[in-house]
Protein chains: 2
Amino acid sequence: MSDPAKKPLRLGIAGLGTVGIGTVQMIQRHSAMIAARAGRPVVITAVSARDRGKNRDADLSGFAWENDPVDLAKREDVDVFVEVMGGHDGPAKAATEAALAAGKDVVTANKALLAHHGHALALAAEAAGRVIRFEAAVAGGIPVIKALTEGLAGNQIRRVMGVMNGTCNYILTRMQSAGLPYDVVFEEARQLGYLEADPNLDVGGIDAGHKLSLLAAIAFGTQVSFDAVELEGIGAISIDDIRHAADMGFRIKLLGVAQMTGRGLEQRMTPCLVPADHPLGQLQGGTNMVVVEGDAVGQIVLRGAGAGAGPTASAVMGDVIDIARGFRLPVFGQPAASLATPVAAQSAAPAPWYMRMVLVDKPGALAKIATCLGEAGVSIDRMRQYGHQDDHAPVLIVTHKATRQDIAHAMGLFAGTGVVVGDPVAIRIEEV
Amino acid sequence: MSDPAKKPLRLGIAGLGTVGIGTVQMIQRHSAMIAARAGRPVVITAVSARDRGKNRDADLSGFAWENDPVDLAKREDVDVFVEVMGGHDGPAKAATEAALAAGKDVVTANKALLAHHGHALALAAEAAGRVIRFEAAVAGGIPVIKALTEGLAGNQIRRVMGVMNGTCNYILTRMQSAGLPYDVVFEEARQLGYLEADPNLDVGGIDAGHKLSLLAAIAFGTQVSFDAVELEGIGAISIDDIRHAADMGFRIKLLGVAQMTGRGLEQRMTPCLVPADHPLGQLQGGTNMVVVEGDAVGQIVLRGAGAGAGPTASAVMGDVIDIARGFRLPVFGQPAASLATPVAAQSAAPAPWYMRMVLVDKPGALAKIATCLGEAGVSIDRMRQYGHQDDHAPVLIVTHKATRQDIAHAMGLFAGTGVVVGDPVAIRIEEV
């Protein structure tokens with residue numbers, strides 16, 4: 001296991017942005033330590049990026065340069081193709097396919113690529129006898145892919161949950177702490193450079209949904225199925241709901257949940273209420289958290305930085321060192337051919353719901369709402385009515401477990417009562 | 001990677017207590033799932049325990065029986081010796097040595113064995129070309145050995161911290177929530193069966209110290225050095241200190257800390273104050289938490305059940321599946337021969353301290369205390385004096401960073417002032 005004569009593992013790094021340069025720096029800083037742990041030296045032989053002339057925060061003079069990542073992927077002096085370019089089609093996909101075809105292992109940070117093409121790439125990798133590792137694609141520096149695929153592999157997984165987009169969590173916790181509305185905090189986040197070029201990737205839940213689909217594939221032994229993820233962003237979350245939820249002991253999070261139910265595989269990335277005293281509720285700012293529930297292990301919580309040069313490079317290097325050590329396993333933890341085609345659950349499991357509405361100040365208004373809920377089969381756990389404002393009375397309701405359909409049914413009935421002002425709000429409460 | 005013709009991996013399980021039976025049940029319940037993930041079947045061929053006649057919660061009829069675990073370890077039909085007996089000498093050690101000598105891999109939950117004999121066993125394992133895996137020995141179901149040895153292997157580790165004895169955390173959090181003194185809650189814990197036969201293993205910090213010494217070896221590339229762990233139990237923690245600490249925004253935890261300093265390797269398992277709003281401060285009841293700080297990844301927090309049949313069996317099975325998959329690495333993450341002999345730091349890094357004392361109600365009493373602190377080179381960050389009771393005034397002080405020696409010096413000076421009633425208390429505040 002410690003043969004000093006072992007050949008160096010040679011990396012070709014495609015993409016020299018934050019993560020690529022972070023990886024170069026880590027290898028340069030810790031080459032002796034990495035060699036001791038990996039059992040052999042890890043070296044970079046070649047790199048590629050769009051702009052060779054750009055000033056970068058690392059000495060690249062010892063590495064060969066390729067303008068085209070596909071050429072990098074095919075180089076004879078590369079054992080592992082490290083893809084940290086991003087993009088779910090185009091060069092990243094072409095270069096990854098080229099690397100596998102040329103007999104290279106692949107380490108990638110590209111959640112979008114795997115969410116869209118993960119199954120085909122896994123089949124290609126396994127046909128070629130190669131591995132694709134993607135710790136850096138999910139929750140940054142948190143070693144959650146490893147925990148789920150390896151450490152917890154003896155468990156039947158019951159549920160995987162996660163707050164996996166730091167920008168959304170920053171926005172929601174900042175709204176609460178500063179008492180600012182969504183639009184203002186969104187603009188702050190943009191100024192701070194926290195948002196993707198297409199902000200909908202963040203606040204629309206798409207980026208976090210990509211990550212959830214990868215965790216679900218491993219957890220439940222199913223083919224990646226990003227298209228089946230129910231996506232709802234945070235754009236409609238109001239400061240009122242954040243405050244009222246807090247009053248009732250909850251926090252609002254963009255929460256990913258994947259679970260296998262009798263009705264099929266449920267994958268959701270939507271705003272949810274979680275208890276303020278659970279680690280998910282306590283999570284502040286841009287930090288990420290993944291919660292894994294196994295039948296034997298119970299609930300495991302993993303927390304750490306979800307983005308940034310250091311954390312993401314840490315995840316890349318964990319995968320690289322695994323490959324250097326000779327660890328080899330199927331891309332999603334079991335052979336791709338054995339992964340089931342998931343049946344998407346057509347409706348989410350029943351849950352308690354938080355509802356907020358404003359009622360006109362008339363006798364019997366509340367009774368009408370209660371009647372609608374009863375007709376829809378939704379029973380009330382807690383209700384709170386606030387002091388009247390301008391003849392309008394804000395009302396909060398926490399229901400017992402109900403389906404989304406029943407809640408939608410009740411909200412449809414509300415409209416006919418003539419006592420509801422504006423649009424009522426309903427947000428799922430995830431029981432953790 | 002998915003050859004259906006691959007031979008089963010054959011386990012011999014020594015010890016049929018909670019963990020052993022939990023492991024048997026897990027394999028029986030999930031044999032198909034485990035085979036899919038491991039790439040080959042995992043089967044139990046033989047077991048051993050002290051009392052064959054005992055009624056156990058699993059069907060053992062398909063397994064060969066050995067009365068002596070050493071005989072089990074040597075069986076030709078065993079590939080992996082699973083040691084879940086416990087005890088740092090005697091049969092567990094003899095059987096583990098026999099297993100390695102007979103060419104078997106070893107999976108163990110035995111922190112005491114590895115804390116005392118880890119380096120010798122690692123040398124023996126590597127000389128025999130075998131692995132010893134011990135995820136179950138540290139923090140139950142939390143895959144922290146894997147995270148540290150593999151997932152975070154690209155990082156220079158700055159510090160490892162952990163609350164790793166659930167019984168101690170139960171006692172401390174129950175004292176706070178119920179307002180009960182240590183002795184009463186200790187007795188409750190005993191009634192609930194939370195304490196080891198020798199309770200000092202729990203409340204004296206020994207069990208948690210064993211775990212810390214294993215994490216330190218991996219984190220810093222040093223030989224296991226349990227004897228160098230500074231150990232202090234929770235028996236002297238009073239409800240007063242828990243309350244006063246809470247008033248000032250802290251919680252008291254039995255906290256393990258390992259870090260490599262300019263003065264050598266520091267390993268402590270002692271009561272510490274931590275901020276109430278850090279995940280360590282928020283940790284309630286018997287749950288465990290490990291915090292790993294790496295130079296690239298930042299702070300990673302792992303939380304989960306630290307004991308019990310399911311969580312511990314989950315950790316055992318993670319190791320078994322790794323072996324079935326062909327993952328092989330040195331016991332402490334790099335070759336045992338390359339592990340440095342640690343120089344133990346003779347003193348802990350400076351830290352802020354919490355001090356509590358009761359002063360007689362005389363003019364100038366507080367000034368005398370302040371003078372003593374000044375003479376000892378300890379400066380005051382915050383001070384709080386409570387209302388007088390019976391001519392005695394409780395005083396709380398939070399110091400700026402100071403060494404334990406300086407704090408001890410100041411406390412020695414207090415004695416000469418004639419204004420301190422009873423013994424003053426000083427507890428380190430760990431900055432997290």
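Note: Cβ is positioned from N, Cα and C throughout, glycine not excepted.
As recorded in TrEMBL:
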type	residues	note
ACT_SITE	B:Lys211	active site, proton donor
BINDING	B:Lys111	NADPH binding site
BINDING	B:Glu196	L-homoserine binding site
DOMAIN	B:354-428	domain 'ACT'
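Location within the structure of each feature annotated in TrEMBL.
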residue  : record                    : Cβ neighbours (10 Å)
B:Lys111 : NADPH binding site        : 27
B:Glu196 : L-homoserine binding site : 15
B:Lys211 : active site, proton donor : 30
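For the domain 'ACT' (B:354-428), the model gives a mean pLDDT of 93.
In this structure the C-alpha atoms belonging to B:Lys111 (NADPH binding site) and the residue listed as 'L-homoserine binding site' are separated by 14 Å.
In this structure, the C-alpha atom of B:Glu196 (L-homoserine binding site) lies 16 angstrom from that of the residue listed as 'active site, proton donor'.
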